[in-house]
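S.K.: According to TrEMBL, the protein has these features:
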- B:6-24: transmembrane segment (TRANSMEM)
- B:31-51: transmembrane segment (TRANSMEM)
- B:57-79: transmembrane segment (TRANSMEM)
- B:86-102: transmembrane segment (TRANSMEM)
- B:130-148: transmembrane segment (TRANSMEM)
- B:184-204: transmembrane segment (TRANSMEM)
- B:210-229: transmembrane segment (TRANSMEM)
- B:234-251: transmembrane segment (TRANSMEM)
- B:263-280: transmembrane segment (TRANSMEM)
Amino acid sequence: MVQFIFDTLFRAADLALIAVALSAVYSLIRFPNVALVQYAVVGAFVGMALQQQGVPIVPAVLLASLLVGGIAQVFNAVIFQRLLRLDPAIALIGSLALSMVLSAGFLLGFGPAAQRFSVQVAPATRVFGVRVTEMQVLTGGLTVAILIAFALLLFRTPLGREMRAVSTNPVLAAATGVNTARVTGLVVFLSGVIAALGGAMLALRGSVSIDMGTNMLLPVFAAAILGGLGNAFGAVFGAIVIAAAETLITNLNFGPIVGQDHVFLPASYAPAASFALLVAVLLFRPRGIFVSEVTRV
Amino acid sequence: MSDFLIHVISVSCIYGILALSLNLQAGFTGLMNFGLIAMFGCGVYGAGLVHRFGLPVALGPALALILAVLMGLFLARLGRRLSTDYWGIATLSIAEIARIFATNLEPLTGGAQGISGLPLLFSGLRPWDGAARLALFAVILGVAWLICERLVRSNFGLGMKLIREEPQLARALGYDIDRIRSTVMVIASVIAAVAGVLYAHYLSFVGPELLLAPETFLIWAMVIIGGIANNRGVIAGAFAMQFMMAYVPFVKDYFALPSDFVAAARLMLSGGVILGFLLLRPQGIFPERVGGRHDH
């Protein structure tokens with residue numbers, strides 16, 4: 001049981017940052033930007049490349065995420081703002097296409113092998129009978145810290161108030177003197193930074209290969225949609241539910257149902273669990289569990 | 001004609017059928033299906049499963065038809081309450097679920113190794129078998145094109161386009177959106193499954209790697225390059241993309257590039273074509289003809 005909770009929490013931490021970034025940017029620019037999962041890979045790879053050049057790990061990760069924030073703004077200005085003028089669905093296709101181009105770039109630039117940061121690997125210790133590595137605890141704590149920082153920014157600062165105002169009613173916000181273009185640009189930048197940090201955390205905990213973005217795409221979406229796209233902290237809840245579903249489906253003993261002692265589903269079914277959950281939620285609660293429309297700022 | 005050229009044109013014909021199917025959904029009705037490959041998969045695995053369990057080959061298309069109708073109805077049902085972008089993501093998930101099951105249900109589907117040894121069409125006609133297959137594919141592509149043209153020029157087709165442009169107006173005018181959506185999805189799904197059956201018997205192999213998500217976006221690239229909502233255009237797009245894809249390995253050999261180049265270039269071509277056209281010429285090479293003749 002404790003093992004199950006730990007597995008779920010670490011998997012949720014994998015998904016949470018990117019899902020929050022996706023949800024936050026959706027609240028201002030009304031289309032789900034699929035390319036965010038690839039920004040996470042860019043963040044991880046740039047961080048590792050910087051570290052190989054001799055930059056210490058903390059500034060390397062920070063620099064990489066700032067860079068990815070800038071890249072997110074460039075892509076937003078050059079591609080997505082133009083496509084959004086046609087149709088949000090066109091922008092979605094554009095972001096899928098951009099993800100493909102980026103993953104092709106990773107394949108050429110980094111090769112198919114998985115890569116990792118060079119950090120000291122401490123042997124796993126046992127806590128409550130569960131194997132945990134130092135890195136898992138560290139990155140898990142950092143993930144929570146980043147989420148709290150983002151929540152404080154969103155709910156405790158004037159800038160956060162402007163962000164919420166623009167996402168609720170952009171016309172009214174503009175009329176009351178909020179610079180919507182600046183706020184949108186900032187959120188796009190932040191979404192890139194958070195996604196890149198998420199990628200770096202994943203890389204610190206294990207390794208990152210070029211298809212990570214593709215593999216993360218649907219679980220991250222499932223988490224964000226479950227929480228109600230546009231509701232940034234619903235996405236955290238969504239990540240936990242998705243992680244629990246994935247962990248449960250592979251740890252549950254189906255033996256009694258089919259009349260045998262031990263029948264476990266192979267781990268390759270785990271993603272199917274989260275996608276099926278996503279489809280079920282869309283069937284019965286099309287706008288997510290928490291509806292994102294807020295009534296007051 | 002060289003064997004290679006016959007091969008590329010044959011595959012182009014099959015993808016032309018797929019592009020027509022996607023065009024019916026995305027082009028004319030505005031249904032952004034990112035899981036088209038699952039419909040194709042109904043055809044591929046319909047043919048494959050019949051072969052694996054030793055049933056008569058003629059049952060392949062029948063099984064494919066049943067699977068495709070169910071898939072079309074299910075996706076249409078999902079679309080009933082979802083906005084375009086949510087539905088797009090849902091279709092993508094369903095295609096991935098289908099692929100995961102195809103990979104893991106080893107007793108049924110043969111798992112990752114897939115099913116091989118499907119009977120090749122016209123294998124008795126050697127050395128003219130390749131040309132005979134090409135002729136068959138071209139005829140079926142022509143039939144699919146005729147069906148699609150008739151459909152979009154009918155009253156029903158007007159309803160499809162109205163749903164794409166002004167769904168609320170369509171509802172106000174008394175069009176039954178759910179029924180039109182289901183009909184379009186079933187017809188498109190059956191067309192895609194026909195392409196799948198043909199492809200399975202052409203490769204004589206069926207496996208989960210035929211159902212990868214980038215394959216869907218390759219078909220999207222064909223529709224966008226050719227001209228969304230133009231049936232002739234998307235067939236031209238299918239040929240253009242397949243010819244570009246076919247010559248990627250030669251480029252690799254010519255410049256002595258690493259072997260990753262082929263996989264990367266395929267992704268880059270699909271993604272790059274979609275992005276480039278959406279940004280610079282969103283109507284494609286052959287734009288939709290607005291107005292024109294309608295059969296009533």
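The backbone N, Cα and C atoms fix where each Cβ goes, and this holds for glycine too.
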S.K.: May I ask you to check whether the transmembrane segment (B:6-24) and the transmembrane segment (B:86-102) make contact, with contact taken as at least three Cβ pairs under 8 Å and only pairs 6 or more apart in sequence counted?
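M.R.: Counting Cβ pairs under 8 Å (6 or more apart in sequence), the transmembrane segment (B:6-24) does not reach the transmembrane segment (B:86-102), since there are fewer than 3.
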S.K.: Taking the transmembrane segment (B:234-251) as reference, which of B:86-102, B:184-204, B:263-280 has the most Cβ pairs under 8 angstroms?
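M.R.: So the stretch in question is B:263-280.
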S.K.: Determine which recorded stretch among B:57-79, B:86-102, B:130-148, B:184-204 has the most C-beta pairs below 8 angstroms with the transmembrane segment (B:31-51).
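M.R.: Per the Cβ count, the answer is B:184-204.
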S.K.: By a Cβ-Cβ criterion of under 8 Å, what residues six or more beyond either terminus of the transmembrane segment (B:130-148) are in contact with it?
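M.R.: Same-chain contacts beyond the flanks: 1, 3, 6-7, 9-10, 13-14, 16-17, 20-21, 23-24, 121-122, 187, 191, 194, 198, 202, 231-232, 235.
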S.K.: The transmembrane segment (B:184-204): which same-chain residues, six or more beyond its ends, come within Cβ distance under 8 Å?
M.R.: 10-11, 14-15, 17-18, 20-22, 24-25, 28-29, 31, 33, 36, 39-48, 60-61, 64-65, 67-69, 71-73, 75-76, 79, 116-121, 133, 136-137, 140, 144, 147-148, 151, 160, 210
